[in-house]
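Copied from TrEMBL, the annotated features are:
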type     : residues : note
TRANSMEM : 16-36    : transmembrane segment
TRANSMEM : 48-70    : transmembrane segment
DOMAIN   : 125-246  : domain 'Palmitoyltransferase DHHC'
TRANSMEM : 170-188  : transmembrane segment
TRANSMEM : 208-230  : transmembrane segment
REGION   : 297-366  : region 'Disordered'
COMPBIAS : 297-316  : compositional bias 'Polar residues'
COMPBIAS : 332-347  : compositional bias 'Polar residues'
Amino acid sequence: MAPSGPGSVRRRCRRVLYWIPVVFISLLLGWSYYAYAIQLCIVSMENVGEQVVCLIAYHLLFAMFVWSYWKTIFTLPMNPSKEFHLSYAEKELLEREPRGEAHQEVLRRAAKDLPIYTRTMSGAIRYCDRCQLIKPDRCHHCSVCDKCILKMDHHCPWVNNCVGFSNYKFFLLFLAYSLLYCLFIAATDLQYFIKFWTNGLPDTQAKFHIMFLFFAAAMFSVSLSSLFGYHCWLVSKNKSTLEAFRSPVFRHGTDKNGFSLGFSKNMRQVFGDEKKYWLLPVFSSLGDGCSFPTCLVNQDPEQPSTPAGMNSTLKTPENHQFPAKPLRESQSHLLTDSQSWTENTANPGKGKAGMSNPALTMENET
Ligand SMILES: [Zn+2]
Ligand SMILES: [Zn+2]
């Protein structure tokens with residue numbers, strides 16, 4: 001039976017409240033459809049050619065916007081696979097051990113065959129007490145979803161979902177199409193907006209829709225373009241929003257570009273190899289979300305994916321007890337081309353303390 005009590009009622013109320021921003025965006029979108037397609041195109045436009053072109057282009061953008069928004073909201077975030085969860089015996093052992101070195105020893109043994117390269121700020125294995133699992137690289141615990149999310153970017157209230165490995169591409173397309181949608185509306189509405197102020201529009205209710213439509217489209221264009229620009233920069237550097245605020249810590253130290261493989265490969269990691277899927281909100285990202293190619297940690301001479309010449313440039317890490325597992329089939333091909341190493345400037349030991357942002361929902365690691 002489901003537990004009921006003040007706590008669970010509060011949780012259910014909170015879950016309902018979380019949908020308010022999504023409802024707000026949907027209502028705004030519904031109104032914009034009515035204002036643009038009906039009031040502007042059908043009621044106010046006199047030129048049939050202009051009407052047809054605007055309506056076709058508008059519906060195309062509207063459909064792509066809704067599709068990518070829908071996919072961002074309803075694609076479940078991916079959680080770490082079974083191999084990252086501790087076994088029953090390991091959990092028992094962990095509970096018995098006091099915090100500290102013995103605790104770490106249990107985790108180290110559990111993590112020895114896992115493809116993890118990142119550590120906490122203090123160099124410990126990243127472990128989630130709440131989910132009782134060893135966190136894969138780039139995975140973080142979201143306090144809103146109360147789950148560990150693979151390649152967590154941020155928890156987005158506007159989609160009431162965590163943006164992470166499973167839906168980051170959809171989120172980017174949602175930003176892109178919503179920006180195009182707003183720019184298109186602002187551009188085609190501009191001449192009617194000017195007519196509004198010069199008293200060139202007939203005195204009907206359409207003129208107010210036309211005015212508010214332009215204001216809303218222009219305002220959202222500005223905020224969306226800065227957000228979209230920021231995420232384009234993140235993709236080009238292969239960073240998540242969380243990693244931009246707090247650089248990942250590898251065994252040799254902090255490296256803000258630790259996952260970057262060069263512009264083209266960074267793009268392909270999110271959008272995939274097949275160009276035909278790039279602009280569609282269908283999943284095409286590379287990898288499994290649990291392990292990520294990085295040139296900084298493949299120092300093990302037994303590593304098949306280590307590129308020639310890399311070993312000499314990197315210091316041997318102190319923790320020999322974690323042999324890095326070769327990358328999975330789906331990702332290792334990203335590392336086969338030697339041209340990708342130009343952007344990676346390793347900064348061993350030059351770690352800087354991560355910035356903290358109260359808006360972020362990632363749990364702190366020590
Ligand atoms: Zn967790
Ligand atoms: Zn979340």
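Here the Cβ of each residue, glycine as well, is placed from N, Cα and C on the backbone.
Remark: secondary structure over the domain 'Palmitoyltransferase DHHC' (125-246) totals 66 helix, 16 strand, 40 coil, with classes taken from DSSP. Mean pLDDT across the domain 'Palmitoyltransferase DHHC' (125-246) comes to 95 in this model.
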